[in-house]
Amino acid sequence: MSLEKKPDQAEEDPFLESAKQNNGKVRKEKPHKDIRCGFWIFKGSLLQRMATEKSFVLIYGIGGCLLSMSLAYFNAIVTTLEKRYKIPTQTSGLIIVGNDVSMMITSVLAGYYIHKGHRARWIALGFFTIFIFCVLTCSLHFAYGAGEDALKLTREFGDFESVAEYTANAHKEHKLCMSEESGCQQSDGTWVPPIVLFVGQFIAGIGISLFWIVGVAYMDDNTEKANTPALLSISAFLRMLGPALGYSLASVCLRWYIEPHLEPLIKPGDPRWLGAWWTGWVVLAVVTFIISFFMFMFPKELPSSNARRLQLEEAGIQNPKQHKELSMTDMMRSIKRLMVNKVFMYNSFASTFYFFGYLAYWIYTPKYIETQYRTSASMASMATGTIALAFSAAGVLLSGYVVSKYKPSGKAMAAWNGFVDFMTVAGVLCYVVIGCKGSDNLSSMATVSGSCGVSCHCEYVHYAPICSPDNVTYISACHAGCTGTAKDQFERTLYTGCECIDPKNTTTGVELQYAVDGACPVDCTNQFLIFLVVMCILKLVGASSKSTNLLIALRCIQPEDKSFALGLSGLISSLFAFVPSPVFFGWLLDKYCLVWGKTCSNKGNCWLYDTESLRYAFNLTAAFFIFLGGLLNIGVYRNASDLHIFDEEPNETDQADSKVDSFNLETKAKETEATRDVEKS
């Protein structure tokens, strides 16, 4: 028996066709399909129960979690990608801004025009672009493989039985001092990998734009105003889990060698280690595709929002959240209104300067930890993600609870945002003094060994550090002037005849012109733990301003400008922060590089940095931009006196709220009846 209603039964369903008399005419309301969950054959009664505010926030939050998880995973493996494809850090910065370039192009258009379409499906399309981003990125491994450098460091390559047998071929591999200049190394694909990575990031930016601009507007339009802070905090909390999970996934994947089925001859702590960076993308691609499918099922308008809208119209009240058809002239008027809105402009540029400074840590923290405290890529990802970002999630939840419970004024929220900025500056200044002497000394020896081994023609020698008896690390045996190899009583390979090493031990007078493979051990544990504590405090405090900043952005503008204002704010942030910041700080990192992995076509990736100079330049520059953001938040504070955040504050919709109150019980009844009817259909 068919469960479909006949045409004469349509009047019984308030969501199929609501009619009312208006000058003798019958006006039809929104079609039933706009509030029906599902598509094609996926329209069962179980799916109709998903068309609720809570279900949307859950799926939207999980999707946001996967989106931020993908971006965090990319940031965590960027050092590995640089080593594998010989990419300078400044080029990595250009790759990363690919998503911001596309966001800049699509954010304003998405915010202005997509409100007229099926916004839930546009959000689903955004998730699907993240799926494409994951597939494109991991495709590089299947196209180019692990690379010759990585394969040479496995037992299966050449059937070496041990590291000793591998290093015995040092002359053949141009590791030792050479009498004539060696040939340069060809790199895989030259510019193809960076271009593919950039295209993937560009596509991901479209998804980010749709998720953020369209998603927040859809959530705000389909929820009660009083519930918005709590729902924003819940979705933000789920998004904050994304980076933690992304860095944790990277930590696990980078512990495996780039070809998991091969046995490596080096440990993860070795700077030449390449982890299985590509495996995480496979997992992310599958899960993201599933979430995009679920998001595609949500209706154009949630039934609860539809019921509230009908009640407002029956009461003769215009819905303040209703969108109007907008022309280009309307768009220019919106721009003019926003340009003279002091709170909007101050808040947008305060966020922009904050993002410019703090984005350096979002992208380069794993690399910073690796270079400053000599940790493995896996450990750096774990510290950045699981530990530090757990505090970010706690900050978001705590702020959401405080804002929902105590309902602070707009001025109080602006004051808190400024306080957070200045606290962040103080924490970043602490980073300047948290250095590791052993790491700084290791960097200082690069210049010494580089100048000593000039006659050995080491320009294209791979980075393969060795350790002398006096605990000094050299870039390679060639840079130390070593001419031969031998074995000690422990069957370790020794590099001998190293002219750059002090020939005598002053206490024993024994000849010590030899070195062992690998960098000398450096213990930066204490400094790393102090850095981690400061970083966690900054994550907790910084995350607490996310919901307050967004609420100010949403409430300082007129309802009809909401989507467009979010898009314009995104354009400003992309143009002045998200695009230039990664490139600028990538250039800053490269500026303090001491050892390059030169190839025939470019200077390659950086293997060793001047850690002390880099620590001062990197942190002081970031602190300067964050400080400017704090100053602009003072401007937000001074102009936020009339900003109304919650329904109980006086505003133009007070009369509407009082009229709607009388319909609350009736609305609940109709929502229940509508849900049952939709399930039956």
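Each residue, glycine too, has its Cβ placed from N, Cα and C.
According to TrEMBL, the feature region 'Disordered' maps to 1-29. Annotation source TrEMBL lists transmembrane segment at 56-74, 94-115, 122-144, 195-218, 230-258, 278-298, 343-364, 384-403, 415-434, 528-552, 564-589, 616-636. The domain 'Kazal-like' annotation in TrEMBL covers 446-502.
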Task: Secondary structure content of the domain 'Kazal-like' (446-502), with strand meaning DSSP E or B - done: 10 helix, 12 strand, 35 coil
Task: the transmembrane segment (56-74) in contact with the transmembrane segment (564-589), cutoff 8 A, at least 3 CB pairs, sep 6+ - done: no
Task: Dominant neighbour of the transmembrane segment (195-218) in 278-298, 528-552, 564-589, by Cβ pairs under 8 Å - done: 564-589
Task: Top Cβ-contact partner of the transmembrane segment (528-552) among 278-298, 384-403, 415-434, 616-636 (pairs under 8 Å) - done: 384-403
Task: Stretch among 278-298, 384-403, 415-434, 564-589 sharing the most Cβ pairs under 8 Å with the transmembrane segment (230-258) - done: 384-403
Task: Non-local residues, at least 6 beyond the ends, that sit with Cβ under 8 Å of the transmembrane segment (415-434) - done: 350, 354, 357-358, 408, 527, 530-531, 534-535, 537-538, 541-542, 544-545, 548-549, 552, 615-616, 619-620, 622-623, 626-627, 629-630, 633-634, 636-637
Open item on the list: For the transmembrane segment (616-636), give me same-chain residues lying six or more residues beyond its boundaries with a C-beta closer than 8 angstroms to one of its C-beta atoms, as numbers and ranges.
Closed with: 342-343, 346-347, 349-354, 356-358, 360-361, 368, 414, 417-418, 421-422, 424-425, 428-429, 431-432, 552, 585, 588-589, 591-592
Task: Overall pLDDT of the domain 'Kazal-like' (446-502), taken as the mean - done: 78
